[in-house]
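Chemist: Take this structure, written in structure tokens, and hold onto it; I'll ask about it next.
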């Protein structure tokens, strides 16, 4: 039994659905709904599919229950994501829906999905979503479509229609797709292909379009954002891209997935010199111990972790550092884990995500000896999160009394309270700021922080003090 069959067999009846991003499209002959699962890179794919459908004459509404077809853009990064995707598919199958399965699960298990889910009328790979209109037309003619290519070289640019699903003031901008690294635990290169970067000119044109739409925060994403341009220009060009984006009239530009080897002095200098580029670094370090990093096929990283973090702290004293770690990797001993705990306590990261190792078929780590028991993985995750919670709470308490810029994203109509984020919080993964006072949706306001909790802040809108920095520097 393969990984997908095991997952499907664990859902004899689907009852536990999860909150999903739901967007639907309709036209006279057939209606199509789109459900988005997974990461923000997957979200961009979803938004392009929606844009293409709208351009072809489909009408965007919001009801997949009455739709003739439901597109599910799936995730297959780890077992938990796969279970979420399969749960959604099985729920729709029980309802008798005609399902179009897109995204990473489709790329990973195309034949198995067609066999196990007869309600699937089409399978669309990660490099094929731009053909969604033609695929639906083929389905409507009675064809069962397998549109999964092994040539993963496509990346959408600013000319491909896009229907954004984020809050109005926030947009993600994908600067590259795919990954040239081969970490032993990661299936992404198999699902997304090797890195291919967009040109600086293409990225700037899309950023300008988003600025015209009123976007206040632009978030750069790719598998390894700090390696942007290597494949296209023969050298990293992130520093040049940062400076170029500094001329775009968007108040906040944030970068996610900044791998430590790419955080060069040139990149740090570009961040220093670009006022609207937030000093927020998301560094997916995965572990600290050299032996575990070697087993992860990241042997270079143990030599640069401390050096990069110290350089960032010196050059950008107000930098916000987020990272993620994997605990319970095969062969991880208590000594290795203690090394990680000490590393986290030493560097006092602002935000940390902790994942337990998920053995993925098709990766070298799946076959490694000395697999760690699930109970030990969970216990280590809890211990690390407990340590980090105290650090994050202390970092948040340091904000009390300060006046910081906050982007207002939601309003509670009953209380008039706003929910927003300061530069130290990225969407979805970090905390929020609860704000009292006057403002408008999608605006940036100065807020004095009055109270802190372990993950969130509370404050009051005030007048901007003299010399106030709208990027939180």
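Quick reminder: no glycine exception, Cβ is built from N, Cα and C everywhere.
Per Swiss-Prot, the features are:
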- 30-141: domain 'MTTase N-terminal' (DOMAIN)
- 39, 75, 104: [4Fe-4S] cluster 1 binding site (BINDING)
- 165-394: domain 'Radical SAM core' (DOMAIN)
- 179, 183, 186: [4Fe-4S] cluster 2 binding site (BINDING)
- 397-463: domain 'TRAM' (DOMAIN)
Chemist: What does the DSSP secondary structure composition of the domain 'MTTase N-terminal' (30-141) look like, as residue counts for helix, strand and coil?
Modeler: 59 helix, 26 strand, 27 coil
Chemist: In the same chain, which residues outside the set 179, 183, 186 have their CB within 8 A of the centroid of the CB atoms that define the [4Fe-4S] cluster 2 site?
Modeler: 181, 182, 185, 187, 188, 189, 223
Chemist: Distance check, please: Cα of residue 186 ([4Fe-4S] cluster 2 binding site) against Cα of residue 75 ([4Fe-4S] cluster 1 binding site), rounded to an integer number of angstrom.
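Modeler: So the Cα of residue 75 ([4Fe-4S] cluster 1 binding site) lies 13 Å away from that of residue 186 ([4Fe-4S] cluster 2 binding site).
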Chemist: Considering the binding-site residues 104, 186, which residue's Cβ sits among the greatest number of other Cβ atoms within 10 Å?
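Modeler: Highest number of other Cβ atoms within 10 Å: 104.
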Chemist: Enter the number of other CB atoms within 10 angstroms of the CB of residue 179 ([4Fe-4S] cluster 2 binding site).
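Modeler: Residue 179 ([4Fe-4S] cluster 2 binding site): 22 neighbouring Cβ atoms within 10 Å.
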Chemist: Just to be sure I understand, if DSSP states are collapsed into helix, strand and coil, how many residues of the domain 'TRAM' (397-463) fall in each?
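Modeler: Taking each residue of the domain 'TRAM' (397-463) in turn, the totals are 1 helix, 31 strand, 35 coil.
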Chemist: Using Cα coordinates, what distance in whole Å links residue 104 ([4Fe-4S] cluster 1 binding site) and residue 179 ([4Fe-4S] cluster 2 binding site)?
Modeler: 14
Chemist: For residue 179 ([4Fe-4S] cluster 2 binding site), what is the secondary structure by DSSP, using just helix, strand and coil?
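Modeler: The residue in question, residue 179 ([4Fe-4S] cluster 2 binding site), is coil (DSSP, three-state).
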Chemist: Given residue 75 ([4Fe-4S] cluster 1 binding site) and residue 179 ([4Fe-4S] cluster 2 binding site), what distance in Å do their CA atoms have, once rounded to a whole number?
Modeler: 17
Chemist: Within 8 Å of the Cβ centroid of the [4Fe-4S] cluster 1 site residues 39, 75, 104, which other residues of the same chain have their Cβ?
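Modeler: Other same-chain residues with Cβ inside the cutoff are 37, 38, 41, 42, 74, 76, 77, 81, 103, 105, 191.
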Chemist: Return only the integer: C-alpha distance in Å from residue 183 ([4Fe-4S] cluster 2 binding site) to residue 39 ([4Fe-4S] cluster 1 binding site).
Modeler: 19
Chemist: Taking the Cβ of residue 39 ([4Fe-4S] cluster 1 binding site) as reference, which residues of that chain separated by at least 6 in sequence fall under 8 Å from it?
Modeler: 75, 77
